[in-house]
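Heads up: the structure comes next, in C-alpha cells.
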Amino acid sequence: MRDILFAYVYIAIWIFFSAGTILFNKYLLANYGFPFPLALALIHMAFCSSFAFVLVRVIKVIPGCDIDTETYFRAIFPIGALFAGTLWLGNAAYLYLSVAFLQMLKAFMPVSVFLTGIAFSTEQFSWHTLLNMCAITLGVLIASYGEVHFVLIGFLIQLGSMICESSRLTLVQVLLQKRGLKLNPITSLYYVAPACLICLSFPFVLYELPRMRATEEWNFDPLLFLANAFSAFCLNTSVFLLIGKTSALTMNISGVVKDWMLIILSSLLFHHPVSKISLGGYLVSFFGVCYYNYRKLQAPPSDQNEPTSSVVNPIEGPGDREDEELVMLLTQGKTDFR
C-alpha cells in the first residue's frame, strides 16, 4: 500500500512539472509579453548549467564522470546543439499554435524517431511498424486540417523541433552508448546544458537581442522567470525519478492522462477552441501511439532498438532496468525536456 501511495506521488510530481512547465512557457511567450523563445531557452539552460555545476563541483552531492575534451566535442556537443534546436523551435511554436494543438502534434514523435532511426541505421525497418506510423501520421494530418487557428509557420516550426529531438535521441545512442558513457540526470545537464547554452547564444545575439533592444514593449520579472527556470529544471529530473521508482508502463498511462489534461485545461485557460475534427484526428493518432506503446512493451528489450538517453536515476544508481525503461519513453516525446 505504501509503494502504491508513493507511486501516485511520483506520478503527480511528474504531471505537475510537465504540464505546469508547458503552460508556464505558453503564458510567458504568448500572453505575458515576452515573445522571445531563444531568450527563454537561454534562461533555462543558464539556470540548469549553474544548478548542476553547484551540485556536481561545489557541494559534490552528485558524482561526476571523466569526459575528455575530444569526447566532449565529438559526442556531447552535437547532442547539445540538437537540444538547442529542440528548445528554440519548441518554444517558438507557442507563439503561433495553441497548447492543445501542439500536444496533438507531439503524437507524431514516434514517426519522427522511426524515420531518423532508419536514416542512422539504429532502427530496423518493418512494414508493420511503417503502417503503424502511417496511421499516426494520418491522425496528425486530420487534426491539423480541423485546427481552428492553424498557422503553417507554427506547424513547420514544431515539426522542426521534433526532427531535432528525434535526431538528438538517435545521436545519444550512436555517440554516447557506443562509448559506454553513463550519465545521471544531473551530470547530463552538467555536460549538455553548457553546450546547448553556447549554441543558443549565437542566434540570440544575431536575431533576438537586436529585437529586444529595438523595443521596450516587453515584460520581465526576474522572480517569475526564476520560478519558470526552476520548474524546467525540476521537469528535467522528475521523469527519471518516476522511472526509477515505478515503470515505463506507469509513465505511459500517466502520459495519456497528462496529454488529455493539457488539451482540456489549456483550451479553458487560453480560450482556444478545439474542433471535433481535430479531436477525431487526435484520437486516430492516440490509438496509433497506444498500439505502438503496446508492441514496445511486449517486445524483448534487446529487440526494441530505440535510442535511449544513457541516463540513469541518481537515487538508485546505474542499472539496466532504467536504461530499458527509457528505451521506449524517450522515443515517444514523454520526457518533455525543457
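Quick reminder: no glycine exception, Cβ is built from N, Cα and C everywhere.
TrEMBL entries are annotated by machine, without manual review.
Model, not experiment: these values are computed from the prediction.
Annotation source TrEMBL lists compositional bias 'Polar residues' at 301-312.
The domain 'Sugar phosphate transporter' (9-293) scores a mean pLDDT of 88 in the predicted structure. Summarising the annotation, TrEMBL assigns domain 'Sugar phosphate transporter' to 9-293.
For 300-323, the entry in TrEMBL reads region 'Disordered'.
Marked as transmembrane segment by TrEMBL: 5-24 (among others).
Tertiary neighbourhood of the transmembrane segment (36-59): same-chain residues 25, 28-29, 84, 87-92, 94-95, 186-187, 189-190, 193-194, 196-197, 200-201, 203-204, 207-208, 211-212, 218, 225-226, 228-230, 232-233, 236, 338, selected by CB-CB distance under 8 Å and a gap of 6+ residues from either end. Among the features that TrEMBL reports, transmembrane segment is placed at 36-59 (among others).
For the transmembrane segment (71-89), the residues of the chain that approach it from at least six positions outside its boundaries are 37-38, 41, 44-45, 157-158, 160-161, 164-165, 167-168, 171-172, 175-176, 179, 181, 191-196, 198-200, 203, 337-338, judged by C-beta separation under 8 angstroms. Annotation source TrEMBL lists transmembrane segment at 71-89 (among others).
Annotated transmembrane segment per TrEMBL: 127-146 (among others), in sequence order. Listed as Cβ neighbours of the transmembrane segment (127-146) (distance under 8 Å, sequence separation of 6 or more from its ends, same chain) are residues 101, 104-105, 107-108, 110-111, 114-115, 155, 275-289, 291-292, 295.
Packing against the transmembrane segment (188-207) from elsewhere in the chain are residues 38-39, 41-42, 45-46, 48-49, 51-53, 55-56, 64, 67, 72, 76-77, 79-81, 83-85, 87-88, 233, 236, 309, 311: each is 6 or more residues past its ends and has a CB under 8 Å from a CB in it. According to TrEMBL, the transmembrane segment annotation covers 188-207 (among others).
The annotation transmembrane segment is assigned in TrEMBL to 223-243 (among others).
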